[in-house]
Amino acid sequence: MNREVSERIHILFFPFMAQGHMIPILDMAKLFSRRGAKSTLLTTPINAKIFEKPIEAFKNQNPDLEIGIKIFNFPCVELGLPEGCENADFINSYQKSDSGDLFLKFLFSTKYMKQQLESFIETTKPSALVADMFFPWATESAEKLGVPRLVFHGTSFFSLCCSYNMRIHKPHKKVATSSTPFVIPGLPGDIVITEDQANVAKEETPMGKFMKEVRESETNSFGVLVNSFYELESAYADFYRSFVAKRAWHIGPLSLSNRELGEKARRGKKANIDEQECLKWLDSKTPGSVVYLSFGSGTNFTNDQLLEIAFGLEGSGQSFIWVVRKNENQGDNEEWLPEGFKERTTGKGLIIPGWAPQVLILDHKAIGGFVTHCGWNSAIEGIAAGLPMVTWPMGAEQFYNEKLLTKVLRIGVNVGATELVKKGKLISRAQVEKAVREVIGGEKAEERRLWAKKLGEMAKAAVEEGGSSYNDVNKFMEELNGRK
């Protein structure tokens, strides 16, 4: 498209303050910057530190492109939050008995930034505001100042369609128990789920009322940006545009906007392993022989569950890289590991505490499977890397994403999770071992691997010039230009 015209576009990107929301929004800001727009990320002081290094590196590599940060004040203590509570990951590691209440308080406190947002919009007069779904108040701010507001959910078309049809048809009200399976009505394909898995927010709860606000603000917004590509879930992209949100652009996989090795390594928090050391370890392994396990930035397993995973991995006989997050009450020691586990798996297993350079690892030829919690960032990163997956959903919309991976795309093997992780049901070592064996070398492993590889190729083609996501970015930018 015309480079001079596109340079006039200035887009504000306002992510919810949590790693899983910030990472794809940073990718998106870089993507639009590469396509000639000026990108400005809006965030708070502590979160700005997470953005600074990757943005600085991006600017050094692309000196002609425009991308920056605007910091909003967020006085935690004044807002009734603990000191330093500027990110939802703080709450996940906080792990006090009232952490659920703290999350809600954090969610509602973000409205404190509304006035700062409006002042900044008035001053800069941007072409558009891309704001996270968790900022429903942003629609009103943007509308008041004549700026189109785009919603970013950070999930798949498929899960958005599932959520919509669950709300419209309420099939969970027509079954005997919360664990009774039913088909979600009105969707392409027979998608079977239970109320426990669908994780429907009760409408009368504070979270239920908040989600109603989210939906209303979405209805009044300019449209929706989705981190997916058309070929992956075309039937659901079409359904979404026909029945849910008339205006939606697919612009993913966003993780593919990280092209350089350093960009992939620096994505998110500072990794707890040197990337060169990690790559050297992977280089020593046979292609497709290593299983990678990571459960997102919001999952903390109990010591009992960590022990079962360890036994399951050892029993599978597979080489592995395992990213382990624990909350502050569990300490840094590894007493949860089976006795002698480290010695028995020396050279075969790598345990990374906290944060790992995930995209860098997934892209390595030694990786043959990905054990994931089915958060959409991880799922789409696994798809873009062309990998089959072991699905272990924990909460949020993750059971929907699992259905997409296992039933629609057929590149996933279910570990056996049937309800939200907070209910405390353990996945046994036998289940872990069976799923890991199946994804790497089971009866249908080759067929699954070939199809996953094909999807990975389609993902990469989607973001190249002429691809479906590349073209949708064009359409979106042309629409913004047309408003001038």
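In case you wondered, yes, glycine gets a Cβ from its N, Cα and C as well.
According to Swiss-Prot, the feature anthocyanidin binding site maps to His21, Asn92, Ala396, an assignment based on similarity to another entry. DSSP assigns Ala396 (anthocyanidin binding site) to coil, not to a helix or a strand.
Annotation note: His21 (anthocyanidin binding site) sits in a helical segment as assigned by DSSP. When Cβ atoms from all protein chains are considered, those within 10 Å of His21 (anthocyanidin binding site) total 22, not counting its own. Here Swiss-Prot flags His21 as active site, proton acceptor.
Look at Asp132 (active site, charge relay): DSSP puts it in a strand. Counting only residues at least six positions away in the same chain, the Cβ atoms of Phe14, Pro15, Phe16, His21, Ile25, Val151, Phe152, Gly154 sit under 8 Å from the Cβ of Asp132 (active site, charge relay). If you look up Swiss-Prot, you'll see Asp132 marked as active site, charge relay, on the strength of similarity to another entry.
Residues or ranges marked as UDP-alpha-D-glucose binding site in Swiss-Prot: Ala356, Gln358, His373, Trp376, Asn377, Ser378, Glu381, Glu397, Gln398. Counting every protein chain shown, 25 other Cβ atoms lie within 10 Å of the Cβ of Asn377 (UDP-alpha-D-glucose binding site).
According to its DSSP assignment, Ala356 (UDP-alpha-D-glucose binding site) is coil.
Counted over every protein chain shown, other Cβ atoms within 10 Å are most numerous around Gln398 among the binding-site residues Asn92, Gln398. In terms of local Cβ density within 10 Å, Ala356 ranks first among the binding-site residues Ala356, Ala396.
The DSSP secondary structure for Glu381 (UDP-alpha-D-glucose binding site) is helix.
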